[in-house]
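One structure is given here, and the rest of the page talks about it.
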Amino acid sequence: MAAVRRHKRVAAAQPGFLPIKSSLDGNSSVIKRRKRVNKNKKKSWNRFSDIQDVEEFLDDVRLQERATGGLIAEKTDDTLFFVDTGETEEKDTQAQTTVKKGKHSKPLRIDLILQPDSHIQAPKNVLAFQQPNAKKQRRISERAAKLAAMGVLPRREKLLQLRSAAAASGLSVKEHPVANNNPDRAFYDLWSAGTPETADPYYLEQTKKKLVKRPDRLNEKPSVLPAVEVIAPGGSYNPDFFSHQDLLREAHEVELKKQKAEEKLARQLAVNEDKATEESTFKEQVEGLIEEEEIEPQEPEGDTEDTVMGPTATQEKKTEKQRKKEKAQRIKDLQRKVERQVIDKQQQLFQLRSISASVKKQEQRTEMRQAQRKVQQEAQKSMPRRLGRLKFQTPDLDVQLSDELASSLRSLKPEGSILKDRFKSLQKRNIIEPRERARFNRKYKLKYSEKRAFREIE
């Protein structure tokens with residue numbers, strides 16, 4: 001409390017502070033006797049603390065701000081006082097500034113109520129001064145200023161300079177659109193596949209309306225097979241006899257292949273059961289009882305006395321005569337080899353026909369291989385590729401036997417499934433990989449229990 005009173009005395013004793021209320025005057029304030037109170041607890045702080053003088057001082061400051069727009073002590077003399085020079089000038093000024101009073105000279109009461117009575121400015125609205133992407137725009141402006149200092153012009157200014165230069169020279173940068181009623185304008189087919197692009201290509205590129213050129217390899221189909229394959233003539237509800245027999249033969253060959261594959265697998269998985277005979281049992285019983293004759297190692301034929309068991313004898317040093325002889329022999333061999341090469345080259349002149357014939361055969365062989373390779377590549381385009389871990393399995397042919405053929409469409413029974421047929425077609429055309437049905441593995445076994453109502457019925 002002593003600190004509060006000290007603050008009051010200091011504020012009131014300032015030479016520049018002029019209180020509006022008389023209660024804040026230092027002379028009129030009565031200093032009361034301090035009351036001794038224990039303030040070691042927070043509960044008694046607000047109870048025994050006297051802050052009325054501080055509140056009065058702050059109220060007076062707020063009143064001055066509302067009434068005059070600030071503290072009176074901080075105001076200049078011109079704003080607080082004026083010099084009275086006489087009544088004549090006032091009358092002249094009043095006569096000049098008098099306006100005829102009419103019906104609308106006095107403001108309305110509602111307008112006076114709505115007018116602000118405080119000189120304090122409204123707080124600044126921070127949201128009104130915020131700009132979207134201000135940080136980004138500031139970074140862009142800084143970068144533009146840096147480039148301008150380096151002498152690099154942005155794209156827009158370059159385009160403006162080019163257009164201004166083109167306009168000065170008389171060249172048209174952009175062609176004006178042709179009017180619809182102009183008979184010389186170009187026309188296009190309304191029912192054509194593509195529409196003409198009359199807009200500026202730069203505008204289409206910047207507005208993302210111009211499509212990117214699609215690579216040619218993405219336009220290629222993964223398979224040359226048609227989306228819907230037409231069934232063989234023998235699959236009709238009223239087929240020809242020979243076409244139906246051909247379809248039956250084809251289905252028969254498919255079944256034979258499946259049967260051969262099953263038989264091959266059965267042979268591979270079969271267990272070799274070798275039954276014991278009397279001879280095999282006797283062999284097992286006698287094994288180990290008869291002593292086998294020891295086979296003595298045969299000595300190599302020939303005299304072994306001439307063989308030298310010790311270290312090899314050192315080679316004697318060649319004489320000068322021997323070295324000259326060997327050198328001459330090497331020179332003769334080289335000369336003979338060079339002469340042989342010359343003779344071979346001369347002989348090749350007489351073999352031109354045979355060499356040309358062999359070259360032609362080789363070229364024919366390469367052309368034949370290239371043709372075969374092309375045929376294989378064309379055939380592979382219509383074959384399903386290996387896209388996953390599973391291979392494509394050709395579906396079974398929907399064929400009816402001769403006694404199963406219907407005599408009319410009413411008695412015809414539908415076979416196969418359209419959904420399965422489309423799914424297999426997608427796999428065959430390499431659009432999706434071959435798949436198999438996911439197996440459901442139950443984690444826990446099912447537990448069966450009889451209900452009480454069922455047991456009561458029994």
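Using the three backbone atoms N, Cα and C, a Cβ is placed for every residue, glycine included.
Checking the ranges 104-131, 132-159, 216-243, 244-271 against TrEMBL, the coiled coil annotation falls on 244-271. Same-chain residues lying 6 or more positions outside the compositional bias 'Basic and acidic residues' (360-370) and placing a CB less than 8 Å from one of its CB atoms do not occur. Note: the compositional bias 'Basic and acidic residues' (360-370) comprises 11 helix, 0 strand, 0 coil (DSSP; helix = H, G, I, strand = E, B).
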